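Worksheet: the structure to be examined is printed underneath.
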Amino acid sequence: GWPAYPGSNGIRSSVCQKKLGCGSKNLASLGVCKAFCLGRKRFWQKCGKNGSSGKGSRICNPVLAHAVEKAGKGLIKVTDMAVAAIVKYAGKK
């Protein structure tokens, strides 16, 4: 089924960023984090509570909705790992 709607406040980019701790551990992850939160906000604005407001839109499907919500949790970890790898690689030159 469709994941729980985060609410009009919950979809806000600033709330999303705070929840994910954007840039708190690694400032380099801030840009990726901000972009994700903005995309997530647009997704929810377009698709509404159960995908009904985005009639006929292919992005408004439950699989993607769950992926969007799950992505937030894994995003920071992945970004931090990527940044660490880039820093390590850059230091080798």
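Every residue, even glycine, has its Cβ placed from backbone N, Cα and C.
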Tell me, from CYS16, CYS22, which cysteine Swiss-Prot puts in a disulphide with CYS37.
CYS16
C-alpha spacing of CYS37 (disulfide bond) relative to CYS47 (disulfide bond), in angstrom:
15
